[in-house]
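**Q** Input: one structure, supplied below.
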Amino acid sequence: MKKLLPCTALVMCAGMACAQAEERNDWHFNIGAMYEIENVEGYGEDMDGLAEPSVYFNAANGPWRIALAYYQEGPVDYSAGKRGTWFDRPELEVHYQFLENDDFSFGLTGGFRNYGYHYVDEPGKDTANMQRWKIAPDWDVKLTDDLRFNGWLSMYKFANDLNTTGYADTRVETETGLQYTFNETVALRVNYYLERGFNMDDSRNNGEFSTQEIRAYLPLTLGNHSVTPYTRIGLDRWSNWDWQDDIEREGHDFNRVGLFYGYDFQNGLSVSLEYAFEWQDHDEGDSDKFHYAGVGVNYSF
């Protein structure tokens, strides 16, 4: 599953590594690993919840950054030592920073991701192999000494085995907003988030969905410690993932609160922990309670 804040300190370390590499115009690297879990209370199909291990490697030189990652996701029954339908996801991204200064920054990312699905106890399904292409500009604009406007916009194209995986062939995703820095310790970010899956092919209607949220973060920096309480407030959400049985859209209302903690050892090593709870209401069926937790480690050199 996709999460915008998981292990933010690790992402920050990667960004710092890129900035340092640009200043020195030499190579800088970082490697890391994460283990994430997701669970909907009382939902038997996800067994004990989704397990999501991942590893990554980034290399930066001047305005260039190359990122490699490998991720898995699937339901796990820990007591029985088995898992349900799962997929693995190798990924390559290349980012180029066209402009970077205190007043304005602009970069562009291109990426390729492969989804390898392995179906368990699903009649008529064995494996599926789907690809995703990505292009994503990002920006940061200084409005005042304390106020900045920043964000990113990703455009995706999916191909192969879409009728099996249930994905739409096109997707856009963006998160953008304002950040106000009160002092070296406290800042506030308020963003608008949109993710929309749709089909450019008029003959298809599978996997279409829309999510709109307000996302607010309160980053606190206390020496080597970073703490970020955050929330996601649902504005509009619908899906038709079960298009084979019911082509009508189903409405949802999801609202989340979470807390991220990171620690930088000041020797290249950093670690992070995160937990989030989400209330999920649906037009069809009962409401759900969702839990997310993640732990990560990163080393920069």
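A Cβ is built for glycine as well, from the same backbone N, Cα and C atoms used for every other residue.
Copied straight from Swiss-Prot:
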{"type": "SIGNAL", "residues": "1-21", "note": "signal peptide"}
{"type": "TRANSMEM", "residues": "27-35", "note": "transmembrane segment"}
{"type": "TRANSMEM", "residues": "47-57", "note": "transmembrane segment"}
{"type": "TRANSMEM", "residues": "89-98", "note": "transmembrane segment"}
{"type": "TRANSMEM", "residues": "104-112", "note": "transmembrane segment"}
{"type": "TRANSMEM", "residues": "129-136", "note": "transmembrane segment"}
{"type": "TRANSMEM", "residues": "149-158", "note": "transmembrane segment"}
{"type": "TRANSMEM", "residues": "172-182", "note": "transmembrane segment"}
{"type": "TRANSMEM", "residues": "186-195", "note": "transmembrane segment"}
{"type": "TRANSMEM", "residues": "201-209", "note": "transmembrane segment"}
{"type": "TRANSMEM", "residues": "230-238", "note": "transmembrane segment"}
{"type": "TRANSMEM", "residues": "240-248", "note": "transmembrane segment"}
{"type": "TRANSMEM", "residues": "269-279", "note": "transmembrane segment"}
**Q** Do any residues of this chain, six or more beyond the ends of the transmembrane segment (201-209), have a C-beta under 8 angstroms from a C-beta of it, and if so which?
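**A** Distant contacts of the transmembrane segment (201-209): 162-163, 165-169, 195, 237-241, 243-244, 247, 249.
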**Q** By a Cβ-Cβ criterion of under 8 Å, what residues six or more beyond either terminus of the transmembrane segment (104-112) are in contact with it?
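**A** Sequence-remote neighbours of the transmembrane segment (104-112) are 91-98, 131-142, 154.
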